[in-house]
Amino acid sequence: MQNKLLYYIVPILQICTITFIDNPWMILWSIYVIIPLLDEILAFDYFNPKQTKELEDDISYRIPLYLVVVLDWCLMFTVLNHLTWNDVSWFDTIGLMSIWGGLSSNNFTVGHELLHKDTKLDKFLGTYTLVKSLYCHYNIEHVFTHHRYVGTPLDAVSAEKGQSLHSFTPKAIVVQWKEAWKQKEKMQRYTILNILMCILIYRLYSTKGFIFYLIQVYQSIAYLEASNYIEHYGLRRKLLPNNQYEQISDHHSWNAPHRITNHLLFKLQRHSDHHKYPSKPYQILEIDPESPILPCGYLVSIMIAQFPKVWMDLMDPLITGYRSKQLYEESRKKVRRFLVKFGVFASCLMIYSLYD
């Protein structure tokens, strides 16, 4: 069974950040240490819902999505007010900017979910909630390019084996932006909105606040592209004799059954099913245990991907050997070793923040 309350993790984190804005490191520690720890402790989530029609029509699953959209605006203005008009230490500034960037990136997850829904309101919210990240054109490239060409060289956000995150990200950003201009009218509208957004932030918060805003824009986009990177890393569709690529299947996306991160990301980790049925609401997405399964959730995968050698050592053997239980268990041991090291480092930062 699904626990609806767990889908409120992101709204709760947004509210906590706004409420306890003077102590961002505690919240940051909760996200990057406690959530991965719970993912390791709790049983994997392989439950596939049966009463799909009833769940699909349940409006209560949309409430946390709408909350994230509203609270993301509140979070942006609260953080900018705090950093612009208060004397905040460099250490707390780093902590607050880090958590703001991370939570804002989840706005992409929600925007992505809403883009694939069938109502005009949802599509509107899914597109224009991304104006804060100056990335409304995501709705063009994701729907019309990524879903069509995923796992092929024609898709800029399908990472090849051996490609580092740091070489992948700038290329993905530039190519998507250039390709989106094929829909000129939409891009002209989005460009005007981006300019207006920048003018608004500059007028409200001067140069100092505008710099903080641009840093957050970069962070949220970097998180998005890191998510794109891990979702299809090294998984390629074959080119058939008729010069067409094979049909998209479960084996062209990395999935993750890690329970807490699954709710944090609104089941984005059931990614294969999403690509087969893009309009499927998150609450009825399914996972096949025989599909490519990551040894850690998307959150930890993004953390590890920051270190290319560690990432490739973890993932490259799994690309062709993901069905090997022995190989999978070895990869999980590597993840645990990484989490121990990172947990110690993050805990030291959190403790330091208490005395700063």
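Here, residue 1 is simply the first one shown, and the rest follow in order.
Cβ from N, Cα, C; glycine included.
TrEMBL: automatically predicted annotations, no manual curation.
The transmembrane segment annotation in TrEMBL covers 5-21 (among others). Only residues 6 or more beyond the boundaries of the transmembrane segment (5-21), in the same chain, are considered here, and those with a CB under 8 A from a CB of the stretch are 27, 30-31, 61, 64, 67-68, 71-72, 74-75, 78-79, 82, 96, 99-100, 103, 106, 110, 260, 263-264, 266.
Taken from TrEMBL, the feature transmembrane segment applies to 27-47 (among others). Same-chain neighbours of the transmembrane segment (27-47): 1-2, 13, 16-17, 20, 95, 98-99, 102, 257-262, 264, 287, 289, 296-297, 299-300, 303, 336, 339, 342-343, 346-347, 349-350, counting only residues six or more beyond its ends whose CB sits under 8 Å from a CB of the stretch.
Under the heading transmembrane segment, TrEMBL lists 59-83 (among others).
Sequence annotations record features per position, and here TrEMBL assigns domain 'Fatty acid desaturase' to 106-285. Mean pLDDT across the domain 'Fatty acid desaturase' (106-285) comes to 96 in this model.
Summarising the annotation, TrEMBL assigns transmembrane segment to 187-205 (among others).
Summarising the annotation, TrEMBL assigns transmembrane segment to 338-355 (among others).
Distant neighbours of the transmembrane segment (338-355): 23-26, 28-29, 32-33, 36-37, 40, 91-92, 95, 300, 303-304, 310; these residues of the same chain sit at least 6 beyond its ends, with a Cβ under 8 Å from one of its Cβ atoms. Beyond its flanks by at least six residues, the transmembrane segment (59-83) meets 4, 7-8, 10-11, 14-15, 17-18, 21, 93, 96-97, 100, 103-104, 106-107, 110-111, 113-114, 122, 125, 129, 132, 201, 204-205, 208-209, 212-213, 216, 266, 281-283 of its own chain at Cβ-Cβ distances under 8 Å.
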